[in-house]
């Protein structure tokens, strides 16, 4: 259900944005998905204030992870889901009401501007407009799909377990909530940055920088337990800044490779990699972490990123 909702939330507004600004697809992708990535800046604080206003410590340790046992915290969890669901529904309704494709005249003007900027006469019909059946026969489709699959392992691990790792040596839940909020800002701003880099240079260069930086940071993430809060905060923010590139670069590459006409369907198919990424990530986290420990889990995540 989560993947279905995220897939719909990503593809439709990105497609709409690309139609309004066809010459800045990377930047537009980054701006659209930045809202998704930055949401935790607000909602991490809402969750923490609602669930744990007294900054109680997670006191139950199981397999290296810590859990709350305080009834004052646990009894608020169902109500927290209702609160968040209401906020999300209201925001999504407002967003849906604001979505609209540009008029035909606007698209013609955009094409004319692009022709003047590039100094050549372009025919819009020459742009790729693959159907989803044609797209799945192309090598580029499977390259994008596997990039999402392998990078998704590291992204899921870091975004899902950075707090659990922090709790292993930091006893301040409010500080960890602040870390999550600042990381969300880096996540959102990073999506814009990587999208702009793809527009200015290339998808390949931007993706290589994103993956290489993420791998280097993940390999050395274990050092943060020796240095305390400050280094941990810096590392988490940089990790979120690096992996955020996937969420603006992959939509941009999909649009450029296969066109806008069937973009929503084709990107939805690329996004199906999450169907495999999510359960594999959950299995690895649950079964391997207690056996090999945090350090080797970080190495494994870096290896997934380097494969791409």
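Backbone N, Cα and C define each Cβ position, glycine as well.
Please treat TrEMBL annotations as automatic predictions, because they have not gone through curation.
Sequence annotations record features per position, and here TrEMBL assigns transmembrane segment to 81-100 (among others).
The transmembrane segment annotation in TrEMBL covers 140-162 (among others). Within its own chain, the transmembrane segment (140-162) is flanked in space by residues 179-180, 183, 207, 211, 214-215, 218, 236, 239-240, 243, 246, 250, 253-254, 257-258, 266, 269-274, 276-278, 280-281, 284-285, 289, 297, 300-302, 304-305, 307-308, which lie at least six positions past its ends and keep a Cβ under 8 Å from the stretch.
According to TrEMBL, the feature domain 'Major facilitator superfamily (MFS) profile' maps to 140-308.
Within its own chain, the transmembrane segment (174-194) is flanked in space by residues 26-27, 29-31, 33-42, 44-45, 47-48, 52, 55, 162-163, 166-167, 206, 210, 229, 232-233, 236-245, 247-249, which lie at least six positions past its ends and keep a Cβ under 8 Å from the stretch. Here TrEMBL flags 174-194 (among others) as transmembrane segment.
Residues or ranges marked as transmembrane segment in TrEMBL: 206-226 (among others).
Taken from TrEMBL, the feature transmembrane segment covers 232-253 (among others).
If you look up TrEMBL, you'll see 265-285 (among others) marked as transmembrane segment.
The transmembrane segment annotation in TrEMBL covers 291-307 (among others).
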